[in-house]
Amino acid sequence: MRTKISIKSKNDIAKMRKAGLLLQKTHMVARSMVKPGVTTSEINEAVESFISQNGAIALFKGVQGVTPYPAGTCISVNEEVVHGIPGSRVLLEGDLVSIDIGVKLDGWCSDCACSYGVGTVSKEVQDLLNITEGCLNIALTKMKPGIKWRDIAKVMADSARKAGYSVVEELIGHGIGRELWESPDVPNYSTRAIPDFTLEEGMVIAVEPMINMGTHKIFTKSDNWTICTKDRKPSAHFEHSIAITADGVEVLTCDPNGEGWAIW
């Protein structure tokens, strides 16, 4: 069980925004390499180098599990939902690749994930990307002080399910701040199994819908990290670190103008 939800000051959030801007630039490095013929390890190496050169820490590297996570990025292709370990896998035309990166800068964490089509993708893959990004957009438009998270999560999940997709239920978002994973737990669907919370000014949470083309069921590969869809159909993943303001939100991982997605 997580601890009490931390409320950040405006100064804290400004520092988290600085970390978020670096993470947005890091995603631009990764995005520039998403093309047929590139290996996932090549993307990871470029990302780790960029983070180090900018005086930050790659948060995912060394995270404890059955074995420590070996890379600074999670790069998941097609049926891989999250936690894909970068390696020799070559990106192919038509693939869907999800890239999740976390950084710590000057003691503050930031977390963001984006999914991309490699080259020209099928309509089915593009539709999955659109609906998943749309779920995150739903959250951004509805988040403000006084709103219960469960009500937002229900609208997100309903949007995906009514379009014929499924919502991953075992994996959820989280609070973020000095640590990568803080309270509260932030599910992408309405459930009474996870305590609900009311949004307050100064909360910072990472919202990260993971939407599957087929079944919601997942399994972990023998590497003890990579999580895949049970039916091997594609999955997409979008995530932003988001601060609750007096009248809405500030997306901490968007572009320098304060608008748009990290992938744009």
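Cβ atoms are placed via backbone N, Cα and C, with glycine included.
Keep in mind that TrEMBL annotations are predicted by a computer and have not been checked by a curator.
Since we're looking at a predicted model, the values are computed, not measured.
Record check, TrEMBL: divalent metal cation 1 site residues include D100, E239, and the candidate from D111, D223, D247 also listed there is D111. Ranking the binding-site residues H83, D100, D111, E239 by the distance of their Cα atoms from the Cα of E208 (divalent metal cation 2 binding site) places E239 first. Working note on the binding-site residues D100, E208: by count of other C-beta atoms within 10 Å of each C-beta, E208 ranks first.
Mean pLDDT across the domain 'Peptidase M24' (15-246) comes to 98 in this model. The most crowded of the binding-site residues listed here (H83, H174) is H83, judged by how many other CB atoms sit within 10 Å of its own CB.
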